[in-house]
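For reference, TrEMBL has these:
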TRANSMEM  44-63  transmembrane segment
TRANSMEM  75-99  transmembrane segment
TRANSMEM  119-148  transmembrane segment
TRANSMEM  160-179  transmembrane segment
TRANSMEM  191-213  transmembrane segment
TRANSMEM  276-298  transmembrane segment
TRANSMEM  332-355  transmembrane segment
TRANSMEM  383-401  transmembrane segment
TRANSMEM  407-430  transmembrane segment
TRANSMEM  451-474  transmembrane segment
TRANSMEM  486-507  transmembrane segment
Amino acid sequence: MAAQRSGAAGVAAGAGDDDADRARLRQLGYRQELKRGLGVVSNFAFSFSIICVMAGVTTTYNAGLRYGGPASMTLGWLVVAFFNGCVALSMAEICSAYPTSGGLYYWSAKLAGEEWAPLASWITGWCWALTTSTDFSLAQLVQVIILLGTGGANGGGYMASKYVVLAIHGSLLVLHGLINSLPIRWLSWFGHLGAFWNTAGAFALVIMIPVVAKERASVEFIFTHFNVDNGMGIHGKAYILALGLLTSQYSLLGYDASAHMIEETKNADWSGPTGIIMSVALSTVFGWIFLVALTSIVTNIPYLLDPGNDAAGYAVAQALYTAFHRRYGSGVGGLVCIGIVAFGIFLAGVACVASNSRMGYAFSRDKAMPFSQVWHRVSRNEVPLNVVWLCVVVAFIMALTSLGSQVAFQAMVSIATLGQYISYVLPIFFRVTTARRSFSPGPFHLGRYSIVIGWAAVLWVALLTVLFSLPVAYPIAKDNFNYTPVAVGGVLLLSVGSWVFHARFWFKGPIVNVDM
């Protein structure tokens, strides 16, 4: 792999970083409107905070335990890490060439070729994900903390209704909106705190969990035990393994934040790619170690998944609560551990709103959203305030589906998750096809390995699209139906339909707002 300055990287040689960044952004067609106050560490911190492996592992652990168990999670993580690394490297290379907040959709426009640029950017842009799953997952975890803190499901503990959970979710969104209304220097501080918390919290839990547990799983169990007793009517090992891999993939998502924050980052064409790569690399290592530590206290899979246990079937919470209760006669220590994870998810939500609002800002800047002139406005603090609160409101509206059906809400989460992966891979696909010979790399590039790594990323996401769409239970019924292919297909159909009947007549892709 190579990392050397070329082509676009030589802008404003000899000038300061800010002048060079401003000049490069101008070359891409945009004037500097957001305050450029982030360094490479801050940029990395936003992606690292959003990924938040403590959150990803904790909230998806039930699915991993059910589909394959310890082996599918601990070994499957390594498989996912390899291919996810290919996606991250390819994104970092493109990010270095096009350091703009438009990120994914701007990349698609520039790489798809002049004829297809508007359609490519339109489809990619409307695949960006929202914050519903992050904050709703935190609301559910808060519910479990309250339940265990008041005696547990079997001890008269308080089980919050779906309306209370929704209210918690709304309160969290408002807090995240308020934090994201602050100047970038304060937002940067929260990003740093998120990175620190993810590192220190995971480190503390990795040490604490095995030390506290009186009963620990063997090394053989952690790495070789394959659970086929999932109670979902699925018995084929290959099928179970495929579903189990999704737990790891859910946990490594959100690193596009480094691209969306790049117009507020100094030395952008280096800092953005560095933020992507370092956040994925460190999250992969810390996440796997955290996963192994958690699995070391798993000794009774059916009990942890049983909705009748004290945590109402929330496996990680029950495992931690039980470990401390057996050692000290009280589960308070377990609640503290869960609280560490919960605060990590909270900080991930802060970064999530920041990233999505910058994507919305860039998309509206190119007049690709209804009422774009409203969402594109920047406050006196040089923050895209209106689109920040748009993200908050839409995330809350999406969560309203949980009142009618948890299945419906899961379909909405699937749109966000799979849609985000699709938006990741579209510019990579254009990079290895239509732009294979015309691509002009930035200071970070993959050299002769670029095409191979890019195709590995494309094929991996194509496989993920199939895996996310598989039935998760048999026989299939309305209560267990996997609506992912229907939901994602519906969004893509609406996106393409809106293009054919409306957008193609006026949307021309990224709009130059400076005199070239």
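Each residue, glycine too, has its Cβ placed from N, Cα and C.
Touching of the transmembrane segment (486-507) and the transmembrane segment (160-179) is ruled out by the presence of fewer than three CB pairs under 8 A, sequence neighbours closer than 6 excluded. Same-chain residues lying 6 or more positions outside the transmembrane segment (191-213) and placing a CB less than 8 Å from one of its CB atoms are 38, 41-42, 44-46, 48-49, 51-54, 282-283, 286-287, 289-290, 293-294, 296-297, 320, 323-324, 326-327, 333, 337, 340-341, 343-344, 347-348, 350-351, 354. Panel annotation: around the transmembrane segment (332-355), residues 45-47, 49-52, 54-55, 58-59, 131, 134-135, 137-138, 141-142, 144-145, 148-149, 172-173, 175-177, 179-180, 187, 190-191, 193-194, 197-198, 201, 204-205, 208-209, 212, 254, 256-257, 260-261, 316-317, 320-325, 388, 391-392 of the same chain, lying at least six beyond its termini, place a Cβ under 8 Å from a Cβ of the stretch.
Segment contact holds for the transmembrane segment (451-474) and the transmembrane segment (75-99), given three or more CB pairs below 8 angstroms at sequence separation of 6 or more. Within its own chain, the transmembrane segment (119-148) has Cβ neighbours under 8 Å at 50, 55, 58-59, 104-109, 111-112, 157-160, 164-166, 168-169, 172-173, 176, 310-312, 314, 317, 321, 331, 334-335, 338-339, 341-342, 345-346, 348-349, 352-353, 356, 359-360, 363, 366, 368, 391-392, 394-396, 398-399, 402, 409, 412-413, 415-417, 419-420, 422-423, 426-427, 430, 491-492, 495-496, 499, 503-504, 507, 509-510, counting only residues six or more beyond its boundaries.
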